[in-house]
Amino acid sequence: MKSTTSAPLLCSIRLIIAFIGFFGMIIHFSQKSNVSIALVCMVNHSAIDSRYVNTTSPSNVINSNECSQIKKQHNTDGPFVWSKDTQGLILGAYFWGYIITQIPAGYLANRFGARFIFSAAIFVSSSATLLVPISARVDWIIFAVLQIIIGVAHGTIWPCLLVTASNWIPTHERGMLMSIITTGSPVGNIFALSTGGLMCSWNFLDGWPLIFYTTGSMGLIWSLVWIWFYRNSPTSHRFISSTEKDFILQHTQHRLSKNKNDDDGNAKFHAPWRAIFTSRACWALFIIHTCSNYGTYTFLTSIPSYMSDVLKFDVKSNGILSASPYFGIWLNTLFTGAIADRIIRKRILTITHTRKLFSFLGSILPAVILVGLAFLTCQSKYFAVLLLIIGMTVNAFSFGGGFLLVANDIAPAYAGIVFGISNTFATLPGIISTYVVGALTDKDPGNWRIVFFICSSIYVFGTVIFLLFGSSEIQPWAMKHVHNDEVSHDLLSKQSEQSSLKTIVKT
């Protein structure tokens, strides 16, 4: 393989793959968050509210007389009388499925590549999403089972993305190209929440089923595009130039593993499980990822309910305003990814210090803002929305240049497995937070203050652990599997260099 110092990014295959991955993440997160906005217009709020009209505490700030003077504007009641606990179970069902496939998907994606696994994941989740309206009318339990199936399929996506990055994205382009891909997450939330709020107010097909029909149909189309265009390695892509192929292979550190990730999937692959589970760097990643996701999932699944129950927005405004924080996440992720790459490339900070700095900003700033948000009521609802936007926007520091990239930093050959394990732990908050929010706010919306305090504390804890023990240096166990022929070649090269030097010295 000839030496290639650079290859243009514009119109390159790796950039096209990043943009296809971006649209895949839009599908993923629009299907992930569509239930949270759909429940607002699927549920008969009047019937549920009447159960608890005399059970709330008169001394509570949010339910005080001055708040009750603001008329709740949404009168869009759906056909289902599902309590807060039931809604929490439906929202949490997704994460029970999501947690199952993280580690197996990491192993399979590292061994066989992301082409078929990523495509199949979106195809299955999209098919299940299309069946949601029918299932909801039959029984909420069937609805929840479909959410589990969608979660199982989606659990394979992030490990596939990390393997894609290991094979296609050079180290010094990782922040920018991964930012392009991961910004599909907030854009997916924007799409689902904003259009979902509008669809809820339509009379066509009862409105809310359109949310599921739209995201399901989009996913089926995307799965065909991915499997047609993507290849597991630059060496097997039909459209790539030899210059770009050589450039990518030089800068993706393929020599760290015996796994070639070819499309046949016949490569021999060994996962260093013991080394991963005894690595301090890995555990620091697992902890901050889990703590950060607690806040992320609380907002992802519960912002529409918070907008409705506490801030008293009508369903159409609810969807648009619930989506507004994700605009900030989208822009900030792109911005911070490019800045982090520049800091590392210019050697202003080491890669470890860069990841720690961006993770600190992405966790501590939201924690502080959540404390302030806890003391706001519907009297200051637009200021509360502004704080939500700011808090979730600064959280994107972690995504563009922070801990979300650490798995590729510390173990590029095993990034799918490391991230799969990390995301398994980080999925637990999706199960726990939905139950906590439902249990705390079921009879007393004033308990949202407690929800915010809990999130803030967890953010701080994860940040402290990562600052103390985190690292982005390639771990020794991630460099064990070097080809014998490569070792021999390296030794011969060194011997040749030493002989040349000796000759020069003698001369």
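The backbone N, Cα and C atoms fix where each Cβ goes, glycine too.
Record features (TrEMBL):
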{"type": "TRANSMEM", "residues": "7-29", "note": "transmembrane segment"}
{"type": "DOMAIN", "residues": "17-474", "note": "domain 'Major facilitator superfamily (MFS) profile'"}
{"type": "TRANSMEM", "residues": "89-109", "note": "transmembrane segment"}
{"type": "TRANSMEM", "residues": "116-134", "note": "transmembrane segment"}
{"type": "TRANSMEM", "residues": "140-165", "note": "transmembrane segment"}
{"type": "TRANSMEM", "residues": "177-204", "note": "transmembrane segment"}
{"type": "TRANSMEM", "residues": "210-230", "note": "transmembrane segment"}
{"type": "TRANSMEM", "residues": "283-307", "note": "transmembrane segment"}
{"type": "TRANSMEM", "residues": "327-345", "note": "transmembrane segment"}
{"type": "TRANSMEM", "residues": "357-376", "note": "transmembrane segment"}
{"type": "TRANSMEM", "residues": "382-406", "note": "transmembrane segment"}
{"type": "TRANSMEM", "residues": "413-438", "note": "transmembrane segment"}
{"type": "TRANSMEM", "residues": "450-470", "note": "transmembrane segment"}
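Contact counts against the transmembrane segment (413-438), taken as Cβ pairs under 8 Å, peak for 89-109 among the stretches 7-29, 89-109, 116-134, 210-230, 382-406. Where the transmembrane segment (140-165) meets the stretches 177-204, 327-345, 357-376, the count of C-beta pairs under 8 angstroms peaks at 177-204. The transmembrane segment (177-204) makes contact with the transmembrane segment (327-345), as judged by at least three Cβ pairs under 8 Å among residues 6 or more apart in sequence.
If one looks beyond the transmembrane segment (116-134) by at least 6 residues along the same chain, the residues whose Cβ comes under 8 Å of a Cβ in the stretch are 24, 27-28, 31, 34-35, 105, 108-109, 143, 146, 149-150, 152-154, 156-157, 160-161, 164, 208-209, 212-213, 215-220, 222-224, 226-227, 230. Cβ atoms under 8 Å from those of the transmembrane segment (450-470) belong to residues 280-281, 283-285, 287-292, 294-295, 298, 302, 352, 355-356, 359-360, 363-364, 366-368, 370-371, 373-374, 403, 406, 429, 436-437, 440-441 of the same chain, restricted to positions at least 6 beyond its ends. The transmembrane segment (210-230) is in contact with the transmembrane segment (7-29), judged by 3+ CB-CB distances under 8 Å for residue pairs 6 or more apart in sequence. Here the transmembrane segment (357-376) has Cβ contacts under 8 Å with residues 61, 288, 291-292, 295, 336, 340, 349, 383-384, 387-388, 390-392, 394-403, 448-449, 452-453, 455-457, 459-460, 462-463, 466-467, 470 of the same chain, all six or more residues outside its ends. Summarising model confidence by region, the domain 'Major facilitator superfamily (MFS) profile' (17-474) averages a pLDDT of 81.
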